[in-house]
Amino acid sequence: MRRFLRSAMIVFSWFVVPYSRYTNIKVIRRKLPPIRSHLLEIPAVDLAKLIRNKKIKSEEVVEAYIERCRQVNPLINAIVQDRFEEALEEAREIDNVIAMGINSVESMEEHTPLLGIPVTVKESIAVKGLTNQAGRVFKTPQIAKSDAPVVEQIKRCGGIILLVSNTPELCLLWETYNNVTGQTKNPYDLKRTPGGSSGGEAALLASGASLLGLTSDIGGSSRLPAMFSGIWGHKPTPYAVSFRGHHPTSDFPKWGDFFTIAPMTRYAKDLPLLLKCMSDPTGPKLTLDKEISANGIRFFFMDNDGPSGMMRPLSRDLHAAINRVASDFNAKRVNIRKMKWSLDISLSAMLTMKNIETIYHKTEEGEQPKTVCKETVKYFFGCSDSILPSVIFGHLQNFMKIIPNSRHKHLASIIEALKTEFKELLGTDGVFLYPTFPNTAHQHYQIYHKLLEPMYMAIFNTLGLPVTNCMIGLDRRNLPMGIQVVANPGQDHLCLAVAREMERRYGGWVRPPSEDSHSHAQSSGKRG
């Protein structure tokens, strides 16, 4: 089976790569407009402080981000629907309340730490009054009737929702396109993907058109776009953030073990603030206020998936960068041999979950349920409303049903053994460094011959471990590189402390190339 899958990816590449190159012929090589407003380059932690202390107005900040969205979206195609006028009105109301001095600065910092800060949201997460159909084609637009719990919390903390951003249909791909909004492009190179499924958020953040983003993650959907776009994405400890109010969803009892809504930010220093505001009051308590130095953390690392040979080796630049990071942090190389089962255990765990929302389950009122065979035929004749991953997902679920239960039980035992191994290795003061993906952002559609490589990320959903993608520099093509920082459940603060230290050491987010020929050279980021 393993040889078959690797061989299948090679065969797919014979078709995918030429198709990708052909479709990119139509893409005009343009660069983004340069960032002009200094307000767009202030971290949220600092921006919120300036607003509370009446140094700047929320309306100014929101206006700056709206203008930036309007500048870049014609190029990156990341916005599904906006609420710009409502956001400006909310900003004015906030400015009036602050001007009247009703609450002290200390009270605002404690109770509304995001007061006046614009926030963008992945379209699969419900924002009342905005579209919420996760890239699916419906005859009647599906509008959210209420906010997802995490959106409610952001609003209570003073955040201002600007828009909802693009996602592949039902978040089922590590690239971002659908038959409603189209394809989202990478700000660093419009011929390349920002990844998926949270590619809309990543593209906006990297473009300077967003500062804080709400995303989701079940197999790297927050971390891969963060890597491809040079920003920061964190998958929290399971149940630390409410997963309700999202499409797709499931009533499977262990859905929340694998799936979570997740924070994504342009600056690492903003991750603790956003995650604190997102955290479910009824979920596991995270010690995000705990001050910790990277010097007090033990580091371990691997730069491949062990002896499996399933995943591609890292590109030369990524291999050098990850080993440089490991050396900089005095990380101990380990060989966790069971990591070779990443693909097997992740597919077994995720594809055997029942009642996951797919195109074959929830249908529009009055429509007949879709069948796997009929939808497959329609797709290959160009008559389906869905993209390929949504269509073949039903086949994958059916395939898993023919695998003997004894095999699934064996793989479940490997999951438990791996959890124990990580628990003993990392304890409460250790982190594990691991590749996010073996290459930097590739051209559109090329994920289809790299469908095994996301297991570098999905394994940590399977194990229920918190993990952060960290930006560690640019490769020789000036594309962002990333690395995963993994900790034990409840130890999210270790991942975030390391993220902040990596931002300090390696420079963090770098402005994408712009029409201003000097902007890229003058950016603060460092080459890997």
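Note that Cβ sites are derived from N, Cα and C of the backbone, with glycine treated the same way.
According to TrEMBL, the protein carries these features:
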type     : residues : note
ACT_SITE : Lys122   : active site, charge relay system
ACT_SITE : Ser197   : active site, charge relay system
ACT_SITE : Ser221   : active site, acyl-ester intermediate
DOMAIN   : 60-496   : domain 'Amidase'
REGION   : 508-528  : region 'Disordered'
Cβ atoms near Lys122 (active site, charge relay system) (within 10 Å, other residues, all chains): 31
Candidate with the highest Cβ count within 10 Å, taken from the active-site residues Ser197, Ser221: Ser221
Mean of pLDDT values spanning the domain 'Amidase' (60-496): 96
Between Ser197 (active site, charge relay system) and Lys122 (active site, charge relay system): CA-CA distance (Å): 9
Ser197 (active site, charge relay system) and Ser221 (active site, acyl-ester intermediate), Cα-Cα, nearest whole angstrom: 5
